[in-house]
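Novice: My questions all concern the structure below.
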Ligand SMILES: Nc1ncnc2c1ncn2[C@@H]1O[C@H](COP(=O)(O)OP(=O)(O)O)[C@@H](O)[C@H]1O
Ligand SMILES: [Mg+2]
């Protein structure tokens, strides 16, 4: 990393502040505020269309907020010089060029952020794709693509990690592997924001929970708190989101 | 199945843009006719090209895109798999696509070309502007040949789209057939310029009407043969598509 | 520099780009084929007709192949990222975004600067070696200025394609407009009555190389009204306007 962090007390913190994003008249994210701290896995939950992916795109500076802001390490993502060293993200495992090899896919990413190519081999090993590194990514199963996306997120050894539904398409071994990986990344003191639909899996992986519905915050708390108030995370989720399971963003 | 393919094609916004671009020819044709008319007023008479012929390449390339995108858009987004699951009989699926593409391009082409023709004649009135020298009956073979060329190009686009599965490759090949090869043929030494040029897709349209290909190139094929060659382009592309589509993994 | 290395790797690690390069260089083979047919035709012609035998410049005939192929490479360099969703990764890695497009321009334009001269000069060599004993072939020194300017157009096409792709984000749309600019519009312009045919024909992309060298264009559909300097500026603008628009638009758009 380049020099001392600008905001030592906000190192590793994701701050979402009154964030609103409209597409036309639809509000995908609506005055949303929450904070994600390092050292935990924070589960990001909500029904389909609740605005989870949009929030992640806003954090990564890919979409421009209608109002409000999102900060990582106390700064707007767009102001980061070589962002892979600070933030790693998996948004869509299918975002690959079908005829490019897994190795070259990671290598161009490494090049663009001045990362030692040695890291490419390391992360491929770490996600279990070393054996197919020279194969075209287009031929991978969804589970293998998810692993490649995770490898990409880990490439710069970042302190902050965002994963949008990384468990989709993984076999039981893979699901277990992700759970252990997320927990170990958090145990190393990193910030992990993880969205998923699999409630039982989230109960085993996450320490903290942010639930959104129709773009708004429903609850921001610990898994322990929810499982104490309801008999399981799943019933907590179903009770809390009961009013907001409606497809299409709030108008 | 034809209904579902029609719905798919109609719901792709690029289809509407492409047909819109083709329809632009009516407007361009009107502007052209007004302009030519003022020139005729000033000079007495003038020999101007008919707008539906001059702007034909715009209709051809726009509607060929409809054919290409009818299939490459599905490969691009991965919806080809659900399509094939919904209709496991691939021949039937492709036949439905071909029917819909043919209809969805022939009708707009027919409308655009005949409306442009009518509008340009209305605007020209009884001034001698060149393109209104003959009767409607004289012009008819050229008009119908133009329409047919659009249908054929759309089907060729569809076939190339199936074979290449890539928008860029299919559009590139259509452009090759429509512009690049016909552009190279006249430079071949005689008599090859005529022998090769006569078989080029866009050059078949004037031969259907029994006209010279261009000021530089004579025709070679009689009208009936030109129609057959034109249809042959579509046939070859579609046969290749059927063969490839049936054997390949989605 | 990092971004440039990344974009270079991206371009060279995709199969379709190898195919596009092969097609571009295949133009040289096309020239050989045309030359062979010209030789066959010359040798079978009666001696009385041989003296007057003429043939078009092979470079001018086949140049359209690398021009279009590299134009499509430019288009795909950016639209394929939009189509696959990879553009989000690219922009997340380089939040400033403009360096991504700038680096793509350097890579694609650079390839055009290599491919164009290779095809043009190799094709001239083909016509010299194969045709010179039978047909009149202009000497190298006479042809050199036009060979140079024509060969540069390949890079212009590549950058034009990239710029259109960046603005439109769709391969079909960008290729359609590219084709419209280089084929459909010149055809229509060629049919216009004078003086518009001459005026507009002078600013068509295809007219510019020979306007720059001041060559005779009377037998073509193009006009020749621009001075060499103005034609050079116009050639640069064909690449710069779409790319500039792309650079302006790319920053603020949601992806
Ligand atoms: N680019 C976009 N244009 C228009 N609407 C969008 C766009 N992206 C997301 N939306 C809408 O915003 C809402 C939230 O979507 P998303 O963030 O993907 O939800 P989630 O990831 O929680 O399922 C949905 O209603 C979706 O249709
Ligand atoms: Mg989502």
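Backbone N, Cα and C define each Cβ position, glycine as well.
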Novice: In TrEMBL, which of C:19-41, C:203-225 is tagged transmembrane segment?
Specialist: C:19-41
Novice: With a cut-off of 8 Å between Cβ atoms, can you find at least three pairs linking the transmembrane segment (C:19-41) to the transmembrane segment (C:101-124)? Only pairs 6 or more residues apart in sequence count.
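Specialist: Yes; at least 3 Cβ pairs under 8 Å.
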Novice: Do the transmembrane segment (C:101-124) and the transmembrane segment (C:171-189) share at least 3 Cβ pairs closer than 8 Å, excluding pairs fewer than 6 residues apart in sequence?
Specialist: no
Novice: Which sequence positions outside the transmembrane segment (C:171-189), separated from its termini by at least 6 residues, show Cβ-Cβ distances below 8 Å to it?
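Specialist: Same-chain contacts beyond the ends: 67-68, 71-72, 75-76, 79-80, 83, 157, 160-161, 164-165, 196-197, 200-201, 204-206, 221-222, 238.
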Novice: Take the transmembrane segment (C:61-80) and find every residue of the same chain, 6 or more past its ends, with a Cβ under 8 Å from one of its Cβ atoms.
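Specialist: Residues 10-11, 14, 16-17, 20-21, 23-28, 30-31, 34, 86-87, 101, 104, 107-108, 111-112, 115-116, 119-120, 123, 150, 153-155, 157-166, 168-171, 174-175, 178-179, 182, 246 contact the transmembrane segment (C:61-80) from elsewhere in the chain.
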